[in-house]
Amino acid sequence: MNKQSWLLNLSLLKTHPAFRAVFLARFISIVSLGLLGVAVPVQIQMMTHSTWQVGLSVTLTGGAMFVGLMVGGVLADRYERKKVILLARGTCGIGFIGLCLNALLPEPSLLAIYLLGLWDGFFASLGVTALLAATPALVGRENLMQAGAITMLTVRLGSVISPMIGGLLLATGGVAWNYGLAAAGTFITLLPLLSLPALPPPPQPREHPLKSLLAGFRFLLASPLVGGIALLGGLLTMASAVRVLYPALADNWQMSAAQIGFLYAAIPLGAAIGALTSGKLAHSARPGLLMLLSTLGSFLAIGLFGLMPMWILGVVCLALFGWLSAVSSLLQYTMLQTQTPEAMLGRINGLWTAQNVTGDAIGAALLGGLGAMMTPVASASASGFGLLIIGVLLLLVLVELRRFRQTPPQMTASDS
């Protein structure tokens, strides 16, 4: 057959046992992190009644993740990657235990939540970078595109399930249960990861880490195509930071604790559908234009989200944002792999991930600040429509990205 299917091809999970182990570990990890992602903002909102404080926690964690990604890129290129992955996961679990113990105190410490957020953000990003660096060795460079879509599906499905579980746990047992189960899940992920083969770094000349990073930055700034992709990715993650307003919007919509979980699950659900139906994305003749348009649509969805009179309609807007952002993100990933020289792939992937984290942190800080000056509804709408205006300007300015054309790859039987 030579007709390309809309559905994602999952054959890598059958043919590559090491990738299957990573798939399982990542799914458990995402569920665990989702429990954490619901608990932290709700706990801070309950303690402080301040959206600014909620945004600050996300910003601090994002800053720690950025540093961790930079350090992790250097470690992954110099040390055995399996050891880096295992060390990072185990250390994260210790931080989650700390959050659980803090939540059990008669008066939990807000400072402890912030400090443990820094701890977990830093060490979690070390593992992410090492896994990204190891993926070509696990699946083969020719399968990276398929592996990326499967990874997104894993992340999104886990992110759909965990917020709903987290919301139910909040309604029945409190945040300590969320933290405790997150710690347990993180340590469980070590079991499949222990089965990975040794993942030594590639041989390369010794270079000062800062010099290597600067070379990556220079390439990013000098390439209007790759640089434009990275810029869109940063803006897209800024829009996703709207989650810092969920607790306040939930009060506005008079949602129960269990219903709050649907807000956190909506974006991952839409993105999971986007990843599952991504079979034809790699065959788009004009991926740059499609990326720009899907990004604009996602900004519009966020702008409309806060204006919805009922929470269920807000969930629909968030799901639409998730679907459109998944389309844009998959196109970003694919074009970065194909348009970046092989010698730069590791650094550019690391910088792309880091700027996504930075965009999330900046977005959280801005939304937290807006939430202190405006109503939650006005804050959400202002962020979405503001990004939409910026996106329209980029549609006009990023000429090379908008006009980029590619020859659709040849389809094989396994693609159909």
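A Cβ is built for glycine as well, from the same backbone N, Cα and C atoms used for every other residue.
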Swiss-Prot annotation: Ala149 and Thr340 on one membrane face: yes
Among 22-42, 56-76, 84-104, 219-239, 257-277, stretch most in contact with the transmembrane segment (357-377) (C-beta, under 8 angstroms): 56-76
Paired segments the transmembrane segment (257-277) and the transmembrane segment (56-76) in contact, 3+ CB pairs under 8 A: no
Stretch in 22-42, 219-239, 379-399 most in contact with the transmembrane segment (288-307), if contact is a CB pair under 8 A: 379-399
